[in-house]
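Enquirer: I'd like to ask some things about the structure below.
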Amino acid sequence: MTSAPIPDITATPAWDALRRHHDQIGNTHLRQFFADDPGRGRELTVSVGDLYIDYSKHRVTRETLALLIDLARTAHLEERRDQMFAGVHINTSEDRAVLHTALRLPRDAELVVDGQDVVTDVHAVLDAMGAFTDRLRSGEWTGATGKRISTVVNIGIGGSDLGPVMVYQALRHYADAGISARFVSNVDPADLIATLADLDPATTLFIVASKTFSTLETLTNATAARRWLTDALGDAAVSRHFVAVSTNKRLVDDFGINTDNMFGFWDWVGGRYSVDSAIGLSLMTVIGRDAFADFLAGFHIIDRHFATAPLESNAPVLLGLIGLWYSNFFGAQSRTVLPYSNDLSRFPAYLQQLTMESNGKSTRADGSPVSADTGEIFWGEPGTNGQHAFYQLLHQGTRLVPADFIGFAQPLDDLPTAEGTGSMHDLLMSNFFAQTQVLAFGKTAEEIAADGTPAHVVAHKVMPGNRPSTSILASRLTPSVLGQLIALYEHQVFTEGVVWGIDSFDQWGVELGKTQAKALLPVITGAGSPPPQSDSSTDGLVRRYRTERGRAG
C-alpha cells in the first residue's frame, strides 16, 4: 500500500480557510451560537456504542466542522487510518506496524501482517491468559505453601502500570473471585515498601511486566520483591509466586520464572496502547476472562466506528479535530478531563500518557520541523472534587481550557440524600450539567446586578462563559463502556497526529534521560570525589546530594 506524501498542513488552502474562518467567528459567544441555531443542542451530537456525545457547547458552527473535515482529508486521514488497520508500518521512525486495534479483533477476523497471522497470535495469548487466570481464580493454582493467592502485585512502569491501575479502579465492582490487585511502578523504594507492608508472601503473586525484561525501574522493583519473597519462603517459591509479561524468555528464565508462565506481546503494541494486551493480566485475574472479553469488545465497537463511519459523523475524528481547532487557532494549551465518577479518578492520568507521549513531538514524520503547535496537555480530576480546586480558573481565568465531562446515568454505588429528594448520584450529575451550562453561557453583569449584588462586587462575580466543553454520557460504567471510552481517545490522538504530520507511535523523548541516569548512577554512588559534570548546575546538585548522603563531595 503506497502512501501519499505527508503535507505541511499549515501550508495548505484548507489551513488558510480555517484561519480566515477563525478571524470571522473566533470572538462569537456560545450564547450567540445557540441563539442563531437553537437546534444545535440536539443536532451537534453523536451516538456510538453506549456513548452519547454532545459537542454542541463548542465554539464551532456547521461551517467550522466542514472546514475541519476538509483539513482532515487534506492530511489524508482516511488513507492513514486504513493503513493503520491494515498493518502498514506507519510508525516510520521505528519501522513498525501500529496494531493495538488487532488486540481486540474477534476470533473469526482475518489479518495477516508481515506474513504473520496476527489474529491467531492474539487469541493464543488471550487463551493462555484465560487458562492461567481460571486456575488462579478457582484456587487450582496455589502458592508454594499451598495457600490460595489473594493478592496480585503488578510490577511495571509507564504503559505497563498506568493502564492497569486505571482500569482496576474503574472496574472494581466487577471483581468476583476474592483477588485484589496492587501496583508498583516507581523506583522510589517507598512505593514497593508501602505496597508489601501488610501482604502475606504465601498468598501474593507478582506479575512482572516488561517487554524486554530489562526496564531499569521494573527489574529493580522485581528483584527487591523477589528478595522479600525468598526471605520468607525460600528460592524455590519464586516459580509459584512470579509470572511475567514479556518477550525475553532467557531473562525471564534467569530470573527464576517458569517460561510456561510468560505471556507475550508484540513490537506493534506501544506501551500506552497495551492495557488490552497481556499487560492486562492483572485485570483478568481480578475480573475474569469473560469481563475482560467484554472490555475488549468495547474497544472494538469504537474501532469499527472509527474505521467505517463518514468523517462528518465519526466521533473520534470530530473530537480530535475540535481539539486541534482550539490548540492551533485559539492558542489553547491544555484540555481538562472531568469524569463525574470517582471510579474514573485515574482516567485523566492515563490519558496524559496516551495523548502527551503520542503527540508531544516537534519533528514531523518526514524529519522536518513541525510548523504548528502539537500535543494537547491533558489533566483533570473527578467531579465534584475539581470544582473546589481549579474550576475557578476554568470559569473566570484568562486561559481557554476546553473540558471533557464524562458521566453515567445509572450508578454502581448510590445513597439517598438527607432531603429525600433524590440520590447522591443525582446530586453529582446535577453538578455535571450545571458546570457545562455555566461554562458555556456564564452570567452577565446585568444579570448579577439584577440579583441585588452591590455595584462594587458585580465585576468580581461576572461569569463570562464561552468556555467550551464536550459532554459524554453512558448508561453505566461497564467493562465494555470503559473500552469504548479508551478507544474514543486513542483515535482522537491518531486524528490529531495525522493532521500535524507527526509519528504518534514513537517516544524518543523519554530515552535520553534514562541513558543519562545510568551514566550518573556511579557518579553519585562511587567512592572518592566525583568527576566534574558538563554544567555547573548538575555538578553542584550531584555534589550536594553526595554530601547529604555522607559521600565525598
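Backbone N, Cα and C atoms are what each Cβ position is placed from, and that goes for glycine too.
According to Swiss-Prot, the protein has these features:
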type	residues	note
ACT_SITE	E357	active site, proton donor
ACT_SITE	H388	active site
ACT_SITE	K514	active site
COMPBIAS	541-553	compositional bias 'Basic and acidic residues'
MOD_RES	T2	N-acetylthreonine
REGION	524-553	region 'Disordered'
Enquirer: Under DSSP, is the residue listed as 'active site, proton donor' helix, strand or coil?
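Expert: Where the residue listed as 'active site, proton donor' sits, the three-state DSSP reduction gives helix.
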Enquirer: Give the sequence-ordered list of residues that share a chain with K514 (active site), lie 6 or more positions from it, and have CB atoms under 8 Å from its CB.
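Expert: K514 (active site) has long-range Cβ partners L216.
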Enquirer: To the nearest Å, how far is the Cα of H388 (active site) from the Cα of the residue listed as 'active site, proton donor'?
Expert: 29
Enquirer: E357, H388: which of these active-site residues has the highest Cβ count within 10 Å of its own Cβ?
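Expert: Comparing the active-site residues E357, H388, the most crowded Cβ belongs to E357.
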